[in-house]
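Reviewing the structure listed below.
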Amino acid sequence: MLFQSCGLLSALGRIGSRSPVTRGILARAAVVWARDVDGNWGAPTVSRLVTGHLHKCVRPPWTVPLAGRLYCTLPAAPSSHYRLIYTCKVCATRSSKTISKVAYHKGVVIVRCPGCENHHIIADNLGWFSDLEGRRNIEEILAAKGEQVQRLVGDDAVEILLRNAGESATQDGDKTGEAESAGNKLLS
């Protein structure tokens, strides 16, 4: 018996079957489709129970072409960091850094380019740099120049927070870990 709910396929029956199983892309799925000795696809078997909030599922291979297979995951907890990917205009080096959301929205973020070793201001919510003319982050700085920033959801990044900003962020449940404590040490 198959029950379909929000794209998630679950199966009842044949639990604990010893038939050969082809897992393919279903390494963490609760439901796997079994092939018999002749290579024909059989009914689904439940290989193991998936605990936690992450799961993957697909429809049986014969119902949907490979390009249109259904994948689903439950929503994960929101990340407390951004992944910044940028190209330095001085040396044209492309690099990526991990920065905390709290520092980006409430503090100062400065990253160092691995190519030319220059420091680049990514966010200044504390008003430390007067030449930014009131702009607070890289999105506003580049928007003033007519350029766009693509948001995609660390390394060699300096993140500075006010004590109030870090404390309110942890009260809101947005924990930044070492970046927050490093930022608080810099302000001491």
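Each residue, glycine too, has its Cβ placed from N, Cα and C.
According to Swiss-Prot:
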BINDING   Cys88, Cys91, Cys113, Cys116  Zn(2+) binding site
REGION    169-188  region 'Disordered'
TRANSIT   1-68  transit peptide
ZN_FING   77-174  zinc finger
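Here the binding-site residues are Cys88, Cys91, Cys113, and the one whose Cβ sees the fewest other Cβ atoms within 10 Å is Cys91. The Cβ of Cys116 (Zn(2+) binding site) lies under 8 Å from the Cβ of Cys88, Val90, Cys91, Thr93, each of which sits 6+ residues away along the same chain.
Excluding the listed site residues Cys88, Cys91, Cys113, Cys116, the same chain places Lys89, Val90, Ala92, Thr93, Pro114, Gly115, Glu117, Asn118 with Cβ atoms within 8 Å of the centre of the Zn(2+) site Cβ atoms.
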